[in-house]
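Colleague: Before I ask anything, here is the structure I am working with.
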Amino acid sequence: MPSTYDIYKKLLLLASFLSASQAQQVGTSKAEVHPSLTWQTCTSGGSCTTVNGKVVVDANWRWVHNVDGYNNCYTGNTWDTTLCPDDETCASNCALEGADYSGTYGVTTSGNSLRLNFVTQASQKNIGSRLYLMEDDSTYKMFKLLNQEFTFDVDVSNLPCGLNGAVYFVSMDADGGMAKYPANKAGAKYGTGYCDSQCPRDLKFINGMANVEGWEPSANDANAGTGNHGSCCAEMDIWEANSISTAYTPHPCDTPGQVMCTGDSCGGTYSSDRYGGTCDPDGCDFNSYRQGNKTFYGPGMTVDTKSKITVVTQFLTNDGTASGTLSEIKRFYVQNGKVIPNSESTWSGVSGNSITTAYCNAQKTLFGDTDVFTKHGGMEGMGAALAEGMVLVLSLWDDHNSNMLWLDSNYPTDKPSTTPGVARGSCDISSGDPKDVEANDANAYVVYSNIKVGPIGSTFSGSTGGGSSSSTTATSKTTTTSATKTTTTTTKTTTTTSASSTSTGGAQHWAQCGGIGWTGPTTCVAPYTCQKQNDYYSQCL
């Protein structure tokens, strides 16, 4: 008789065969070659080092065909019922193919610049794209942003109403889910593992299995549909924008990392109960137009969308360390060498120019929005995701659900534009229909470039145009080392700051106590003093 150990070994072997037969497969027709994209990490001294990164297109955009041939598993917005009668069989029968980035998806890179075209006509018409920054060819780059700032340049001059060039972070797995879900044989190399705070149900594959069961083709999107399952995780929207409007928005979840949901319990855009899931689909947004300043962002405005914009986002903590609790998300812009603080909210009762718990509570109350932000953890919940590490997403898309009116027009459309929170941009409420923008704005595109990450105040420089009690001079020097082909940019900042008095009613140790746009306390509790780090951030030390 065979021993118990022999039976155990045979069972393990059988399990491995079953796992392979039911796995999400990889195609062999076209090699996957990731476009190169450089970016920089900076230090508190202002020295930035170039990193040779790459980008990968999301699995949802890829050709899915049978493993042994060239028959489509998915055509238009429907699955082949023979190849894909259920989730497991479909994953076994179908493979994700390598990508032709420029020819099929309209994605091109040059140095530190990434251009995404809106419509690309190849053998089929491609609409938009979603890409992820990679650590290497099989791993996404994970960013931990507490007590850090994230900076990039963007050109939105060719993004009209109805389009969204989005830069954001999501709590995907670094390997695309391969370790957690052995059925996933494609992994980050092929752009798998996507999730966000909408718990999207339009994904063709989740956790290594197809999402064919319960699939319903979209009524107004020839390329999409929804299945029984969704993929949830925390989301930090750094930049959702076109040439008319922009917003930045944290979206916490009960669990920061990726989890699969089922049916309407997913919540979000794809479910009948928007707030029925474990994530915050609305978030707490800062849109300058929605907050009352209608001349701050747009063509020819303070932040002029006819020209390239440098966007700076800072993630401040309560104690000024990476182990602290997220307390504030600040925004600056730089154009033509001038630093522009984010606009102030002009609504009575909703003050400030950054995202804080107080701002979010006041905004939700005034606008009458359902406060699921607090329900799912608020700033602390968002901070938990930032601490664990998140993947950078760079995308361009149109909106088959609400025509992007939530970003750039009046929304909801059945309320007067004078109602607080309804007016979000100057686009007409008839704008943004995907069939119109895809036909009339097919040549639209967005360019992202010059991505930098580092400690607060390390990734940008520029003049303030006056209004500061301190003088700041910034110079940059770029050198190239031939042996390593690494470019280093060094920024030296000289500041003169008057001492701040202490007070028992001042800011606590490590807290912010000054900077352009700061409206909080400017003194510190004894024995600490307010020490200037740069024109935009002073800290009690």
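Just so you know, glycine gets a Cβ as well, placed from its N, Cα and C.
The feature active site, proton donor is assigned by Swiss-Prot to Glu240. Residues annotated as compositional bias 'Low complexity' in Swiss-Prot: 469-506. Swiss-Prot lists Asn293 with the feature N-linked glycosylation site, giving sequence analysis as the kind of evidence. The region 'Catalytic' annotation in Swiss-Prot covers 24-458. The feature region 'Disordered' is assigned by Swiss-Prot to 413-434, 459-507. Under the heading region 'Ser/Thr-rich linker', Swiss-Prot lists 459-505.
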Colleague: Could you state the whole-number distance in Å separating the C-alpha atoms of the residue listed as 'N-linked glycosylation site' and Glu240 (active site, proton donor)?
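Modeller: The separation of the Cα atoms works out to 17 Å.
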Colleague: Can you break down the region 'Disordered' (413-434) into helix, strand and coil residue counts using DSSP?
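Modeller: Each residue of the region 'Disordered' (413-434) counted once, the result is 1 helix, 1 strand, 20 coil.
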Colleague: Same-chain residues six or more away whose CB lies under 8 A from the CB of Glu240 (active site, proton donor)?
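Modeller: Looking at Cβ-Cβ distances below 8 Å from Glu240 (active site, proton donor), excluding near sequence neighbours, one finds Asn164, Gly165, Ala166, Tyr168, Thr246, Ala247, Tyr248, Thr249, Leu407.
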Colleague: Over the region 'Ser/Thr-rich linker' (459-505), work out the mean pLDDT and round it to an integer.
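Modeller: On average, pLDDT over the region 'Ser/Thr-rich linker' (459-505) sits at 40.
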